[in-house]
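Trainee: The 4-aminobutanoate binding site annotation in Swiss-Prot covers ARG101, THR164 and is backed by similarity to another entry. What Swiss-Prot records for 1-31 is signal peptide. Look at Swiss-Prot and you will find 32-260 tagged as topological domain 'Extracellular', backed by sequence analysis. What Swiss-Prot records for 261-281, 287-308, 319-340, 428-448 is transmembrane segment.
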Amino acid sequence: MDNGMFSSFIMIKNLLLFCISMNLASHFGFSQMPTSSVKAETDDNITIFTRILDGLLDGYDNRLRPGLGERITQVRTDIYVTSFGPVSDTEMEYTIDVFFRQSWKDERLRFKGPMQRLPLNNLLASKIWTPDTFFHNGKKSIAHNMTTPNKLLRLEDDGTLLYTMRLTISAECPMQLEDFPMDAHACPLKFGSYAYPNSEVIYVWTNGTAKSVVVAEDGSRLNQYHLMGQTVGTENISTSTGEYTIMTAHFHLKRKIGYFVIQTYLPCIMTVILSQVSFWLNRESVPARTVFGVTTVLTMTTLSISARNSLPKVAYATAMDWFIAVCYAFVFSALIEFATVNYFTKRGWAWDGKKALEAAKIKKKERELTINKSTNAYTTGKMTHPPNIPKEQTPAGTTNASSASVKPEDKASENKKTYNSISKIDKMSRIIFPLLFGTFNLVYWATYLNREPVIKGATSPK
């Protein structure tokens, strides 16, 4: 019995060792089988897709649009703006960097395979039909090719294609500068089919008019503008070759006024104030007032020329032109006011205080000489007077009478003649000029800052 139990124990032990060895062998010896299986499966998929693509392109004619003679080809588009700006006022154009996406369905490229979507190389884009999209208001467009062409092509099993490319576009931006620099603009981006009319190819927005054009949060590259938003729509135009749909996206810009306040408005205001300082100078200070007038006029001329250098040569006056013109009028009026005051001063007695003082001294000396002569004449003939007349009575009376008659006249004339007198015109100008200039500024800024800009051909963003 003991031998039987021992034999059973040996058999169980051997069985356990066999199971353990088989487990270890399966773990270490056959661990490479799944990897080999995955690799084989991957190779099979590559072979399958290669055969699918070869089969799709076999007999494919990329000169013919999808659904030719059966249906209208619908191209869905959307735009992601990565960078907006700069904007050139002189050239009336702007630069924009976008990811331009187009999607359409081509039944000739339907396939069946282990994957529903194929990410393809951009080289395949030249072998299939793609929309002939062009930008109507584009001046120059660049397709980026570093390090490889920045294009993406995806094919779904039902034949739907997604074609994305990175573009940098310089487009026209018509500007109405009547309100410059408190102006706003809507820069359009227009694109559509070049050769296919609406009866063959039609464009639609992928996500509707609300979300089909998106601007990156840090995509603004503008120094003089605020990007307020964008609006999306469509237009239809009729030509001799048919009716075409134009996709439009308007980017709404509001100009920043700070630069122009510092560079133009404040210098103009200070120049006008400086020109009005001359009203507080004596009207006899001809050199000082002349320097004030001429210098301020030349300064305003320089400011008006420099302000126009940053603008295109438009045939109408802008808001800044009106402001500069009014400031120029105030400065020139101050110079004319001085000329008027100087003219009336010259016609009066004291246009030159120094010469007037010398003339007064000469006249005073002449009167003194006249008095002395009359006194000497009386003294010479005093012995012929009758004895009943006192000797000193008549001369004294005559002298006193003469001095009495001269002194009040001299005092009256001296009180009447003032050499540093203030003109009534200057007194009025000190009040009228600042009051008018302040009123003009109040009306000007209230009008232009509260005005809602009207942009033709575009709706304001909500």
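For all residues, glycine too, the Cβ spot is worked out from N, Cα and C.
Walk me through the surroundings of each of these features.
Mentor: Less than 8 angstroms from the CB of THR164 (4-aminobutanoate binding site) sit PHE99, PHE100, ARG101, GLN102, LYS151, LEU152, LEU153, each of them six or more residues away in the same chain.
Here the topological domain 'Extracellular' (32-260) has a mean pLDDT of 90 out of 100.
Among residues of the same chain six or more beyond the transmembrane segment (428-448), those with a C-beta under 8 A of the stretch's C-beta atoms are 179, 182, 269, 272, 276, 279-280, 319, 322-323, 326, 330, 333-334, 337.
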